[in-house]
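As recorded in TrEMBL, the features of this protein are as follows:
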- 52-154: domain 'Phosphoribosyltransferase' (DOMAIN)
Amino acid sequence: MSIYGDYIKSVIRTVPDWPSPGVNFRDITPLLQNSSAFRKLIDSFVHRYQEMDLDAIAAIDARGFIIGAPVAYELGCSFVPVRKKGKLPFKTISQTYTLEYGQAEVELHSDAFRTGDRILIMDDLIATGGTMLAAAELISRSGGQVVETAAIVDLIELGGSQKVREAGHSVFAVCSFTEDE
Ligand SMILES: O=P(O)(O)OC[C@H]1O[C@H](OP(=O)(O)OP(=O)(O)O)[C@H](O)[C@@H]1O
Ligand SMILES: Nc1ncnc2[nH]cnc12
């Protein structure tokens, strides 16, 4: 959690029963609309990672791009998109993962990193952890070193961040939500 964690959390909106009954959707659009909150969010990440000697930020399609690009710009490191299947034009490596219903696939350009590059993976939110784990697997397979995985929100009760940690990766989240919040 960052020093701005409680404030950032207070500007995230919960939309009950969206996109389906029983889901509490954690909507970051009010946070993005609030320039002061968005600046604090990006500054939190920059502060945490400025001494970590990162080579690149690998951000996950689509909401991960919103935070990954400004953080890469501020840190002066590369920005690498981890995209949903079928969006990247060059040679790709891909990783399938399990969603609540069915499977999905993320892809990375095969020349995105050099062996040993220090990579931070960024996404807006960790729920079951499937997306973050698939991205980490892709980075590792392409020779990158996953320094940390980072998100704005951790839905702790869904167990995703725990799974990512059990796979050997460090996890940083600016704030977290329990189901009843
Ligand atoms: O931890 P998980 O259970 O894998 O879920 C988290 C992922 O789900 C959401 O993305 P979504 O696939 O809805 O795509 P979007 O960013 O394009 O909205 C979110 O942005 C994360 O990437
Ligand atoms: N509850 C949730 N809120 C926002 N994004 C999500 N992605 C997966 N689960 C989510």
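The backbone N, Cα and C atoms fix where each Cβ goes, glycine too.
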Secondary structure content, the domain 'Phosphoribosyltransferase' (52-154) (per DSSP, counts of residues): 25 helix, 45 strand, 33 coil
Stretch-averaged pLDDT - the domain 'Phosphoribosyltransferase' (52-154): 96
